[in-house]
There are 2 protein chains.
Amino acid sequence: MSDSSDSNLRRRKGRAPGACETEDDFFHYLDTFFDREHPSLELGRGDDCAVLNLPGKSCFTTDLFLEDVHFRTRYFTPGEIGHKGLAVNLSDLAGMGVKPTGFLLNLIVPGDDRLDAAFWDEFFAAMAKLANDAGAVLAGGDLSAGPNLGMAITAWGVPEQGSAILTRGPVSPGDIIFTVGEYGLARTGLMCMEAEGRDAEADFPAAVAAHCTPQPKLAAGLVLGRIAGESGGVTGLMDLSDGIARDLPRLLGFEHGAALDIPSDSLHEEIRRHAQETGEDPVEFAVVGGEDYALLGAASPSTITRLEQEVEGLRPIGEVVPGKGLTVNGKHFTRTGFDHFGR
Amino acid sequence: MSDSSDSNLRRRKGRAPGACETEDDFFHYLDTFFDREHPSLELGRGDDCAVLNLPGKSCFTTDLFLEDVHFRTRYFTPGEIGHKGLAVNLSDLAGMGVKPTGFLLNLIVPGDDRLDAAFWDEFFAAMAKLANDAGAVLAGGDLSAGPNLGMAITAWGVPEQGSAILTRGPVSPGDIIFTVGEYGLARTGLMCMEAEGRDAEADFPAAVAAHCTPQPKLAAGLVLGRIAGESGGVTGLMDLSDGIARDLPRLLGFEHGAALDIPSDSLHEEIRRHAQETGEDPVEFAVVGGEDYALLGAASPSTITRLEQEVEGLRPIGEVVPGKGLTVNGKHFTRTGFDHFGR
C-alpha cells in the first residue's frame, strides 16, 4: 500500500468524485462506500500497512479479476464487475467454511475515459454491499493505471467458534460427494452472452445472473464448518470455480476417483434448454461447467443425511471410488474442465 | 486462489518448465523456487486458501507492479522485475518496523510468446532469493493471462518480540525528521534509463541499481521498531515510495509542516552529476524523488542521537514545524511529488 491517506483533507478540498484516476480519487471512493472499522482491524486504510488482530488460525486467498479474461465490460454492468471481483474471493473463504473478515483491493484502471463517475459509483456500491453483507472490512489497497480494467483482491476470514477449517481432503472411498448450488448455469450464461451479449438475459435470466452476480455460498460453508467442528464427517470441501471436471480431481487427490450420478432433470432448466439449442449433452456441459462459485465437498455416508437436512441447497451427486478416474452416469468422463475464455 | 494443487502429480508427468502459461506451469515454478513451509503457515499452497497462524498483531500490505506503469521489460532484467515486484511490498513492511513472514503472488502473463523459460527462471529465482533472505514464505497465488506482464503481491509481517509497530505519526513540532537510505537516486536511474535504456548503467550504475533492484530497509525498520518498543521516541515511520515531497505530508498529518536542511553534497554523486547535465537543481530533484524505497520517519530530539548510532544509514534531514507547508534550505517548496510515468 503505497497509498495516500488523508481522507478528511481530501474532503475538505471538496473535490467532486469523478473518474477514478488518482490515488485521491480512489481513496475518496473507498471512504464514501466502505466502512473503516472492524473488530479485527487495529489500523485500517491510510498507512503503509493495515494492522490486523487475528488470534488463532485465519484463511487468506487472492484472485485476479481482469477485463476480457474474467469479464467483459461489454455485457457486465459496473455493479456486476464490482460484485463479482470480490465474490470470487469470498467464494474461496466459503470453500474453507470460514467467515470473511476483511480484504485488500488492488484496482487497475484503464487510461482512456470510458469509465466515468457513474460507472465507479455503481462499481463501488455493489462491491461495498457484498462486503458489508459478508462482514468484510476493506483494510487498504492500491491503484494503478493499466491497459484494461482489473482487480486483484486478497480476502481473509476466520472460523467461527468451535468450527473446523475445511480443506480439500483427504477423502476416502465410499464418501459421498456433494455440491451446494448450481453447476453449469454460469457457463450457460457465459456462452449465451458471448454469443448474444446482454440480450441473452431475456431467455436465460438465471444463467446470466449466475455468471454476472455469483453469490458465494458463505452461509452453507459456515454450517459445514460448524458441523465438522462438532462431529467431523465432512471429509473435504472446496469452492467450485473451475467446474466439476477440473476441480473434483483436486478434491479427490492422487489415489481416488469418483462415480457421479447426475440425472439430467437435476440440472437447471436453462442449462437443459441451452444444451438442446446447441446440441450438447446437458450433463456433460454442466460437469465441465466453470465459474460456478458453488461448493464441492465430500462427507462420510453417516454424515450426509444431516448435511442434506441442515445445509440449504446441498445435493449428493455421487461417491468416491478407489483408483483414479471419473465416471458420470456410468460412462467414463474424459473432458477437461473450464478455462476462462479458452486460455 | 482458484488454483491447482497437485505438484507431485505434475512432477510425475515430467513436464519441462517453459513459458508460464497454465496454472500447472505457474505452480511448477513456485514449487521449484519457493519453500512451502514456515512456522506461521498452517496450510500452504494448493487449497482454496492459505491458513495462517498469526497470534497478536500483524501487518498486511498490497501493491500492484505493472509493465509500462512501474517497470519496462525493455530495460529491466527478468530478475530485476521479480525482485522489485516483491521488494516494493517488503518496503511497506519495513515502514512499519516489522519482520516479513509471508506473501501471496498474483501474476499476469502476456499472451504473446516473448517471455520464455529463461525469463521465468530468472524472474522466480530473484523473487525467491529476496523472499528467502527476508524470511517470507510464498503462501499461494493466482495466475491469469493479460495484455501486459504484471504482479499484485500481498505481503505480511509481524513485530519482533517487544517491538512496536510504527505508524505514520502523530508527530510533534520539534521532532527530528530522518531518512534511511538514498532519496532521488532511483529517480535519477529512471530518468537516465527512460532516455538511454540500459546503456545508462555505464555512467549511472548506482542510480540504475536503485531503480531496478531497490533493497527494502528491513533491518533498519526492525531496529527502529525495537528501539520504539523499548523506550518510545520514534514518533512516525513510513516507507518512502512516492518521494519526500509527496510522502512527507502524509507523515506530518494535517497540522504540521517541516523545515528541511539538505546540503547538496549530502546527495549521491550520481544525482548531482545528472542534475548538472540536465540543468536541474539537485536538491529539488531529490526531494521530488520517487520509488526510493527508503524510510522516512520522525523522532523526538532526545531519541535521534541513539537512532543515528544504531540505525545504519539514518540521516536527520530537518524538523517538524507548526503549521502546514514545507521549506527546503529556507525556501518554500511547492513542487508536488513523483507519479509513475507521469500518471
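Heads up, the Cβ atoms here are built off N, Cα and C, so glycines get one too.
Per TrEMBL, the features are as follows:
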DOMAIN    B:46-158  domain 'PurM-like N-terminal'
BINDING   B:ASP48, B:ASP92, B:ASP239  Mg(2+) 3 binding site
BINDING   B:ASP48, B:THR61, B:ASP92  Mg(2+) 4 binding site
BINDING   B:THR62, B:ASP63, B:ASP142  Mg(2+) 1 binding site
BINDING   B:ASP63, B:ASP92  Mg(2+) 2 binding site
BINDING   B:HIS70, B:GLU291, B:PHE338  substrate binding site
BINDING   B:GLY141, B:ASP142, B:ARG168, B:SER241  ATP binding site
BINDING   B:ASP242  Mg(2+) 5 binding site
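Features as recorded by TrEMBL, highlighted on the structure.
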residue	record	Cβ neighbours (10 Å)
B:ASP48	Mg(2+) 3 binding site	32
B:THR61	Mg(2+) 4 binding site	33
B:THR62	Mg(2+) 1 binding site	31
B:ASP63	Mg(2+) 1 binding site	28
B:HIS70	substrate binding site	21
B:GLY141	ATP binding site	27
B:ARG168	ATP binding site	25
B:ASP239	Mg(2+) 3 binding site	31
B:SER241	ATP binding site	27
B:GLU291	substrate binding site	26
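Among the binding-site residues B:THR61, B:ARG168, B:SER241, B:ASP242, the ones whose Cα sits within 10 Å of the Cα of B:GLU291 (substrate binding site) are B:SER241, B:ASP242, in sequence order. Taking only the Cα positions, the spacing between B:THR62 (Mg(2+) 1 binding site) and B:SER241 (ATP binding site) is 13 angstrom. Cα spacing between B:ASP63 (Mg(2+) 1 binding site) and B:ASP48 (Mg(2+) 3 binding site): 22 Å, rounded to the nearest whole number. Note on the domain 'PurM-like N-terminal' (B:46-158): mean pLDDT across this stretch is 96. Checking Cα-Cα distances from B:SER241 (ATP binding site) against the binding-site residues (B:ASP48, B:THR61, B:HIS70, B:ASP92, B:ASP142) with a 10 Å cut-off leaves B:ASP92, in sequence order.
Cα of B:GLY141 (ATP binding site) to Cα of B:ASP239 (Mg(2+) 3 binding site): a distance of 25 Å. In the three-state DSSP classification, B:ASP48 (Mg(2+) 3 binding site) falls within coil. The distance from the Cα of B:ASP242 (Mg(2+) 5 binding site) to the Cα of B:ARG168 (ATP binding site) comes to 15 Å.
DSSP assigns B:ASP92 (Mg(2+) 3 binding site) to a helix. Here the candidates are the binding-site residues B:THR61, B:HIS70, B:ASP142. The one whose C-alpha lies nearest to that of B:ASP239 (Mg(2+) 3 binding site) is B:THR61.
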